Amino acid sequence: MGGKELSEEQVASMREAFSLFDTDGDGRIAPSELGVLMRSLGGNPTQAQLRDIAAQEKLTAPFDFPRFLDLMRAHLRPEPFDRPLRDAFRVLDKDASGTVSVADLRHVLTSIGEKLEPHEFDEWIREVDVAPDGTIRYDDFIRRIVAK
């Protein structure tokens with residue numbers, strides 16, 4: 001079956017999740033549990049996607065862990081790891097314009113949570129285009145940060 005290789009860590013997480021959902025301990029899980037199981041592992045399949053997977057994979061009976069790994073290799077689409085970053089920017093983007101004020105961003109990143117030093121922020125901000133009104137497009141900022 002095509003798809004991506006899974007790391008030992010991913011397989012261990014999947015084994016743990018699988019065993020939690022295998023409530024009767026028979027080593028098998030009902031097809032109806034697949035969506036919850038995938039979501040517990042960072043996937044975010046829609047009901048339509050789950051129906052497609054079930055049809056494509058002919059999932060009509062409970063399946064075991066090796067079959068589950070095959071399904072995950074083929075179908076697990078993890079949430080983009082930059083989503084929390086995008087969500088944080090959206091909070092600062094009060095008018096939903098796709099831009100944030102450099103001053104607001106500086107304040108948040110140098111004073112909340114794992115604080116950046118002001119000189120670290122200055123290094124980051126030098127890598128993006130700041131508009132004349134003092135804002136940046138956060139998609140550009142995220143793209144540059146994620147690329148590093």
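Glycine too: its Cβ is placed from the backbone N, Cα and C atoms.
Small disclaimer: the values here were computed from a predicted structure and weren't measured.
What Swiss-Prot records for this protein:
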DOMAIN    9-44  domain 'EF-hand 1'
BINDING   D22, D24, D26, R28, E33  Ca(2+) 1 binding site
DOMAIN    80-115  domain 'EF-hand 2'
BINDING   D93, D95, S97, T99, D104  Ca(2+) 2 binding site
DOMAIN    116-148  domain 'EF-hand 3'
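Features recorded in Swiss-Prot, as mapped to the structure shown.
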| residue | record | Cβ neighbours (10 Å) |
| --- | --- | --- |
| D22 | Ca(2+) 1 binding site | 19 |
| D24 | Ca(2+) 1 binding site | 8 |
| D26 | Ca(2+) 1 binding site | 9 |
| R28 | Ca(2+) 1 binding site | 15 |
| E33 | Ca(2+) 1 binding site | 17 |
| D93 | Ca(2+) 2 binding site | 17 |
| D95 | Ca(2+) 2 binding site | 6 |
| S97 | Ca(2+) 2 binding site | 10 |
| T99 | Ca(2+) 2 binding site | 20 |
| D104 | Ca(2+) 2 binding site | 15 |
(message) Which sequence-distant residues neighbour the domain 'EF-hand 1' (9-44)? Criterion: at least 6 residues beyond either end, Cβ under 8 Å.
(response) 50, 53-54, 59-65, 68-69, 71-72, 75-79
(message) An 8 Å radius from the center of the D22, D24, D26, R28, E33 Cβ atoms defines the neighbourhood of the Ca(2+) 1 site; name the other residues of that chain inside it, in order.
(response) F21, T23, G25, G27, I29, A30, P62
(message) Across the domain 'EF-hand 3' (116-148), what are the DSSP residue counts per state (helix, strand, coil)?
(response) 18 helix, 3 strand, 12 coil
(request) For the recorded Ca(2+) 2 site, enumerate neighbouring residues of the same chain (Cβ within 8 Å of the Cβ centroid of D93, D95, S97, T99, D104, site residues themselves excluded), in sequence order. (result) L92, K94, A96, G98, V100, S101, T135
(message) Of the binding-site residues D24, R28, E33, which one has its Cα closest to the Cα of T99 (Ca(2+) 2 binding site)?
(response) E33
